[in-house]
Amino acid sequence: MKKLFAIFGDPVSHSRSPLMHNSVFKNLNFSACYTRVHLLDGSKLKETFLDLGLSGANITVPHKEAAYKACDEVRGFAKIVGVVNTIINENGMLIGYNTDADGFMFAIKEFGDVKSVLILGAGGTAKALASRFVQDNIEVTVLNRSASRLEYFKNLVSTCSTWDDFEVKRYDLVINTTSAGLKDEELPAPKDIIEKVLNNTSFVADAIYGKLTPFLKLAHEKNIIYKDGADMLLGQGVLANELFVNGELKTEDIKTYMSKSFKL
Ligand code: NDP
């Protein structure tokens, strides 16, 4: 029987996940279909998932924490951050995973051995990445516009600060996880800070995909090797798809056909 998968979110119409997963299923003859569900109320996630008879799902903004609560069991990294972006139906039980942070690790592999990272921003993405880096003994600094969100990081990372008390160090990688540059032309921090930061890093990454943000533009002007969030999106998708097909397809093939969907 054909399996059905979906992405839950609000909004969800912009999501590239259906294209990514259907490209894999179709090209590799895996009998499945992936759709999108506009879910307004996160507390309805479990009943909607079961009513639709889904074999698995992805969860995007703003339901990743509700998804954690909806699961009967949570495995791996999702347990540490309390955030679920992938659910598998195991005999009627909802099993939760998080593939976002490992997806990012996959995306930065080409930067080699990263030992120190500066994270710009302190939201959900920053939390997941910081926790994942700490697991790998990578030294993490977090820099955020406002102080309140830094509370979470105080016992987790070596240094966290706001724009006012920031002192630059040398980093292997600087990552923009703020939404500055997503729908505007803003930098993630005042220009003098960003200039200092860029003069002290080997690599740069942005979680935003589909456009060259002002942050990446500046990195490009300084001849720093950079990447946008497309590989992060691909990474989390490949890992989620591996869970969906449960070993029936080769990872390299999943990656090949998921990458092709980015050109659609
Ligand atoms: P959150 O809403 O949880 O956090 C947003 C952060 O951005 C906060 O730290 C906020 O600071 C900061 N911020 C917002 N606007 C500005 C600004 N103008 N200047 C400086 N700082 C700002 O967002 P998420 O972590 O969920 O997502 C962040 C970004 O990552 C989004 O652009 C999203 O699209 C992208 N993303 C990409 C993924 C991918 O697969 N490529 C996956 C997940 C996310 P403050 O605390 O001061 O408000």
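Glycine residues also receive a Cβ, built from the backbone N, Cα and C atoms like all the rest.
Under 8 Å, Cβ to Cβ, and six or more positions away along its own chain, LYS64 (active site, proton acceptor) finds VAL83, VAL84, ASN85, GLY124. Here TrEMBL flags LYS64 as active site, proton acceptor.
The shikimate binding site annotation in TrEMBL covers SER15, ARG16, SER17, THR60, ASN85, ASP100, TYR209, GLN236. Counting every protein chain shown, the number of other Cβ atoms lying within 10 Å of the Cβ of GLN236 (shikimate binding site) is 24.
Residues or ranges marked as NADP(+) binding site by TrEMBL: ALA207, GLY229. In sequence order, ALA205, ASP206, ALA207, ILE208, TYR209 are the residues of the chain that are 6 or more apart from GLY229 (NADP(+) binding site) and have a CB within less than 8 Å of its CB.
Residues or ranges marked as domain 'Shikimate dehydrogenase substrate binding N-terminal' by TrEMBL: 7-87.
Summed and averaged per residue, pLDDT over the domain 'Quinate/shikimate 5-dehydrogenase/glutamyl-tRNA reductase' (113-180) gives 96. What TrEMBL lists as domain 'Quinate/shikimate 5-dehydrogenase/glutamyl-tRNA reductase' is 113-180.
Highlighted here are the binding-site residues (SER15, ARG16, ALA207, TYR209, GLY229) whose C-beta falls below 6 Å from ligand 1: ALA207, TYR209, GLY229, in sequence order. Taken residue by residue with DSSP, SER17 (shikimate binding site) is part of a helix. Contacts of ASP100 (shikimate binding site) defined by a Cβ separation under 8 A and a same-chain sequence distance of 6+ are given as VAL83, ASN85, THR125, ALA128, MET232, GLN236, in order along the sequence. The 10 Å shell around the Cβ of ASN85 (shikimate binding site) contains 25 further Cβ atoms across the protein chains shown. Sequence-distant neighbours of SER15 (shikimate binding site) (same chain, six or more apart, CB under 8 Å from its CB) are ILE7, GLY9, ARG36, THR60, listed in sequence order. Other than SER15, ARG16, SER17, THR60, ASN85, ASP100, TYR209, GLN236, the residues of this chain whose Cβ falls within 8 Å of the Cβ centroid of the shikimate site are, in sequence order, ILE7, ASN58, LEU233, GLY237.
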